Amino acid sequence: MSKQQNVSTFVSTLCRCGRTSSLDDNSQIARGRLECGHYICADCWHYNNPLPTPICNICNLHLQAQEIPRLSLYVTAYNDMVGRFKELERIHSQKIHESKQANEVIAILKAKLASFQKAQPPNGVASLSSPISPAQPHPNTSIVSSSSGIKSPVIDWQSEAGKQFSVYLIKQRETLAACQRECESLKSRVNELTAQLEAKNHPNAETVTATERAELMEAELEGLHERLAQCEDDLEKARAELGAANSQNQQISKEAADSRKEAAQQRAAMAKVRFEIASLKSRCETAERDLASARASLKAKDEAIKANARSPRGRSIDLPSPSRSAAERTMVYIPTATELEQSATRLVSLQNDVSRLNREKSAIEQEIAQLKESLKSQEEENRALGGKLRQSAELASEIGKLHLAANSRAEAAEEKLLDIQKEMQELKELMETQAQENKAMQNTANIASGLTKLTEHRSRIAQLESQLAEVTCVRDKAITQCEIWKENRDSWKRWGEVMALRAKQWEDEVSKAKTPLARDALSIMPEEPPLMSPSGPPDLGKSRKRPFDMPDTDVDASHAAAKPHTDQGSPITVDSGGEGTERKRARFTAS
């Protein structure tokens, strides 16, 4: 189908929206003339309420070309929204990963703290995992056992090992305090993250409503995306059908042109044949007239010959006629034999020409019948082609209706997309406001926690100062006790040496005398060593009795034990008696 045929199908020059009423009226709306001869106004380029009027193929192609940018804009907006959703998902997964890492760090610190607490002994300074083992006491410390048999170390704080041990204890306390601070900070961080997750899991009504609306919008977007894909599929199918219809139309137009050419050729042939038939008819008529005249003349001649058979040849015979008068009688020429033979041959040739012309006439009539039949078949084919053309026009109108429906769906999708964008903007503003409020609350909470920590640090510093004073007092008492024990040990050592010397002297005297000694001699009391420390009156209520000749070193007195400060508050007690007394007795006996 050509452009002229398309224009002839749609004779009106109005726009598809029906606004322009005349070709010369250009003042109302700016128009554009398409290749098909139709006019379209500026509003129809943007699809503002187009009327469902029938359109041709070229109009349909233009409208499809205008539809593609609109759909691409919609797809771009949808892809942007999907990208934003993925970014929010990534931020959420990152926050969850941070909370998991914080939980892992807290678990590790808890495990370290538990192992640190398990490594501490139940009482004393050994609970601080000191490098000095209680099984190997320092050489500057003395061990005094109680009656229960439990050993407790006594530290010489003035010695190098004691100083190292005190430095180690201070470092361990600082490390423990740092670990506790880190643990507290991690706990606060975990609490904040837990609160944030709970706030996300349990949002307020506005957030829930906004989230539901966003989910509904996302579902609508998915539906619109599906409908858009369906529209694109329909558009592709319509394009394929349009291409097939165009190709079929071109083929049909080519066939129609060929049939027209053949019909024109057949018409020319028919006209030529008709002219030949007319000429043959005229020739036949002239031949028939000549034949009739020849027959009449021959008949007259035959009669004359029969009448004058005995008359000499070459003379004219007066043919009598009842209708003629005597004055009107004419003379008849009697042909010779040669003339008769010539007329006979001419008559035969004329008869042959007539038969030949009759045969040609019948052949031409048969050809005319065949041409009429082919003309009828061509007319039927033309009718079929007209039906196909009508079907293609109906198909084009259906495609136009589908395109208009797609336009309306695209407009509805655009309106929904604009609504979704507005609601997303409102949600962004609401989220920014909530983020600012959360940030302000977090800053307030951080300030309050900082003040609380400062108060705790001050109280802790005061407590550590008091503990340091107590530890210093206990250390001084322990140093004094160590000096007393050292003096007692020196006095016991000197007393043992004196007693050993006297025993040796007694043995020498006995060996020299070689006489039995009296009982009174054996009851001589040895000389006691000088007292190094003041002693009080003997306590008669004690369970252990010492001999009267033993120097009073006040080993049974209850002295104040050294109490280095620990977090458990368990003091180091110094017990007397028991194993230490037995050792002293064995030493005295040996000496």
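Using N, Cα and C of the backbone, Cβ positions are placed for all residues, glycine too.
Under the heading coiled coil, TrEMBL lists 340-474. What TrEMBL lists as compositional bias 'Polar residues' is 126-141. TrEMBL lists 255-264 with the feature compositional bias 'Basic and acidic residues'. Residues annotated as compositional bias 'Pro residues' in TrEMBL: 527-537. Residues or ranges marked as region 'Disordered' by TrEMBL: 125-145, 243-265, 296-326, 523-591.
Averaged over the coiled coil (340-474), the predicted model reaches a pLDDT of 81.
DSSP states for the compositional bias 'Basic and acidic residues' (255-264), grouped as helix (H, G, I), strand (E, B) and coil, give 10 helix, 0 strand, 0 coil. Taking DSSP states H, G and I as helix and E and B as strand, the region 'Disordered' (243-265) has 23 helix, 0 strand, 0 coil.
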